[in-house]
């Protein structure tokens with residue numbers, strides 16, 4: 001993405017499945033799986049999220065938010081209003097509302113069929129906003145920041161419904177547990193917390209890891225969460241699977257990256273596929289893992 005994307009390019013891949021944004025998996029033979037379209041932003045792309053089965057939303061250092069078709073590469077909406085770079089974007093899947101966080105200390109809500117300006121603004125953090133999670137019905141929003149706070153907002157009114165501060169809790173990422181009032185949060189203090197969004201209180205804290213926790217994701221069934229670690233020179237950089245429903249313990253680690261693992265995600269499961277996860281790293285690789293064995297695909 002970003003400036004590196006010029007003309008439409010395609011590279012041959014011999015993977016036998018295509019993962020789609022709606023969670024479906026198409027079984028195929030050898031496919032031309034990697035497509036690159038013209039630039040969506042004029043500077044680095046900082047965040048990408050699925051919006052609808054054929055749409056994705058992205059944010060960039062150019063301070064803008066773009067909604068594009070990943071099939072054609074066509075830009076459908078462009079939103080501007082942030083004063084500094086966009087750090088995170090998210091949306092409730094199949095919603096017409098897009099949310100963006102920024103270094104300007106605010107979060108903004110955009111309507112796909114509204115004006116180019118924000119339909120709601122959520123100011124209140126004292127430093128860059130680094131975590132962003134929306135409830136499945138898009139009625140509430142949780143945000144986190146390097147100011148050590150997590151906030152809850154009413155998306156209709158923009159009202160701050162709660163604010164919680166924990167010393168040294170520099171938030172790196174947030175994600176909402178499907179069908180539950182819980183939000184998972186990773187932090188520079190090396191911990192993963194489960195927040196109960198109803199009272200905005202910590203319901204559980206997993207044992208601290210050895211390195212900064214960069215990112216988190218929750219499985220579609222809400223049973224597991226993933227976190228990924230910072231690292232360098234082969235130390236750290238692992239992803240970790242955690243049990244959310246029974247033991248609330250660490251289940252497995254996925255080791256193989258040589259630098260910081262910046263992102264981790266549960267992949268949609270196809271009829272003939274084992275449950276899988278994917279990780280990306282500063283070591284220039286993306287790895288796909290068997291969720292239950294830790295083996296790499």
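From the backbone N, Cα and C atoms, a Cβ is placed for every residue, glycine too.
Over in TrEMBL, the protein carries these features:
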REGION    1-26  region 'Disordered'
REPEAT    79-112  repeat 'WD'
REPEAT    122-163  repeat 'WD'
REPEAT    171-205  repeat 'WD'
REPEAT    254-297  repeat 'WD'
Interface check, the repeat 'WD' (171-205) with the repeat 'WD' (122-163), three or more C-beta pairs under 8 A: yes
Mean of pLDDT values spanning the repeat 'WD' (254-297): 92
Residue counts (helix, strand, coil, in that order) that DSSP gives for the repeat 'WD' (171-205): 0 helix, 22 strand, 13 coil
